[in-house]
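Q: One structure, as structure tokens, below. Some questions next.
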Amino acid sequence: MHELVLSGRFVLNGEIVGGSIGIDNGLITEISRRDIKGEEVIAFKSEIILPGLIDTHVHLRDFEQKEKETVESGTKAALHGGITAVFDMPNTKPPIMDVKTFEKRLSILEKHAYSDYAASFLLAGNCGEASRARADFYKIFMGASTGGIFSENFESDYSCAPGIVSVHAEDPETIRENPERPPEAEIRAIKKALTAAEKLRKPLNVCHVSTVGGIEAIIKKNLPWVSFEVTPHHLFLTSKDFERNPLLKVYPPLRSEEHRKALWENFSRIPIIASDHAPHTIEDKEAGAAGIPGLETEVALLLDAANRGLITVFDIVEKMHDNPVRFFGIKGRDFSLGNEATFTIIDPKKEWKVKPEEFYTKAKWSPWEGKKLKGKVVMTVIRGMVVMEGDEIIEEPKGVRLDVQGGNH
């Protein structure tokens, strides 16, 4: 008899099957298409059990920006949105660019994270410090973004990174000439990054690709050690939305319908969907800060798209679990015997309205405020613990650091 059994429908080998998952000591100990016995059984009917979804691009702020977000509020938001692990970004205040700051960040994450996490390090001419930090991944900004620090020599910083690099690709010269950050800023930077990647053959993850030229350049090169992310806001919003609502300022900016359409036309080729959750106070947003909160809406937006026939549940699993696990080499997260019992449970037909005042993030606004969505996260389970149920966080902060090995390329 298992300690816990989840019974109902779940995604297994590319299909939705009925059955049961046995869990003991936080690990998956049985996967069966029949009913199995447990000391506690949670039986689902209309819901579907997904492997625990992962967001590879999250700004948890904290440090000197606790008014914007903290590790606690951000990782609670993650669980609420069905995200079981977040990749914490390093352009904090102060930035995570030396071993002392990195270790301070680890201490905060260890004490206050409700979700699991990967810890990052910001690279900008500080290779010596990077080699001592032992981060899970390394971030390079090719052009200035929130925080203002960017790499003066991308190839040098990328070359010295001790692990996988995630890159914010916008060309600084183009931005200086045109602060509105036209598509060419992204396309030039992506092509430069790809040239370095082809030469160095080191794993590279290109963040928030938003343009026709950007996505086409990556697909054309087809380098096995290069992955890329697309955000829900670039999939679902355009520059016309920004014209109506200045709070939608984000880097890279929302694009024209032509670019949004290209992302959808290439949707099957997109490896990773990530939120780029970037919370600010409403005062900072009104003063021009760039960034959109997304942890508590990204999965629901994709479920709503699935209900409209644009994508499938399998796409969500592929782009928010399978590919992040494979590319970053996250150990213990595959849905198989002996691995962690970590799940995102969705009700694919549940209708609800986006109410930012009920969010756990400190950013109490959303581009989708008041929007009715079909499909909702109803429970989040980490290592056999129900940590979120029915919009309520019901566990203490028990998040742990992911075991990121660097991936298979």
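For all residues, glycine too, the Cβ spot is worked out from N, Cα and C.
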Q: Just to be sure I read the record right: Lys139, His208 are listed as binding Zn(2+) 2 in Swiss-Prot. Which of His112, His168 is listed for the same site?
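A: Of the residues offered, the record points to His168.
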Q: In Swiss-Prot, the residues His59, Leu60, Arg61, His280, Ala290, Gly291 are said to bind substrate. Which of Asn91, Asn307, Asn323 is said to bind at that same site?
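A: For the substrate site that includes His59, Leu60, Arg61, His280, Ala290, Gly291, Swiss-Prot also lists Asn91.
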Q: To which of Asp276, Asp284, Asp304 does Swiss-Prot also attribute binding of Zn(2+) 1 at the site defined by His57, His59, Lys139?
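A: Answer per Swiss-Prot: Asp276.
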Q: Within a 10 Å radius of its Cβ, which of these binding-site residues (Leu60, Ala290) has the fewest neighbouring Cβ atoms?
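A: If we count Cβ atoms within 10 Å for the binding-site residues Leu60, Ala290, the smallest count is at Ala290.
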Q: Using the residues the record lists for substrate (His59, Leu60, Arg61, Asn91, His280, Ala290, Gly291), what whole-number Å value is the largest Cα to Cα distance?
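A: Farthest Cα pair among residues binding substrate: 15 Å.
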Q: Long-range neighbours only, meaning 6 or more apart in sequence with Cβ under 8 Å: which ones does Lys139 (Zn(2+) 1 binding site) have?
A: Met89, Pro90, Asn91, Ser120, Phe121, Leu122, Leu123, Val165, Ser166, Val167, His168
Q: Would you mind checking how many other C-beta atoms are within 10 angstroms of the C-beta on Asn91 (substrate binding site)?
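A: Summing over all protein chains shown, Asn91 (substrate binding site) has 21 other Cβ atoms within 10 Å.
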Q: Excluding His57, His59, Lys139, Asp276, please set out which residues of the same chain place their CB within 8 Å of the center of the CB atoms of the Zn(2+) 1 site, keeping sequence order.
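A: Close Cβ neighbours, site residues excluded: Val58, Phe87, Met89, Asn91, Ser166, His168, Cys207, His208, Ala274, His277, Ala278.
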Q: If we check Cα distances from Asp276 (Zn(2+) 1 binding site), which of the binding-site residues Arg61, Ala290, Gly291 wins as closest?
A: Gly291
Q: 10 Å Cβ neighbour count around His59 (Zn(2+) 1 binding site)?
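A: For His59 (Zn(2+) 1 binding site), the count of other Cβ atoms within 10 Å is 25.
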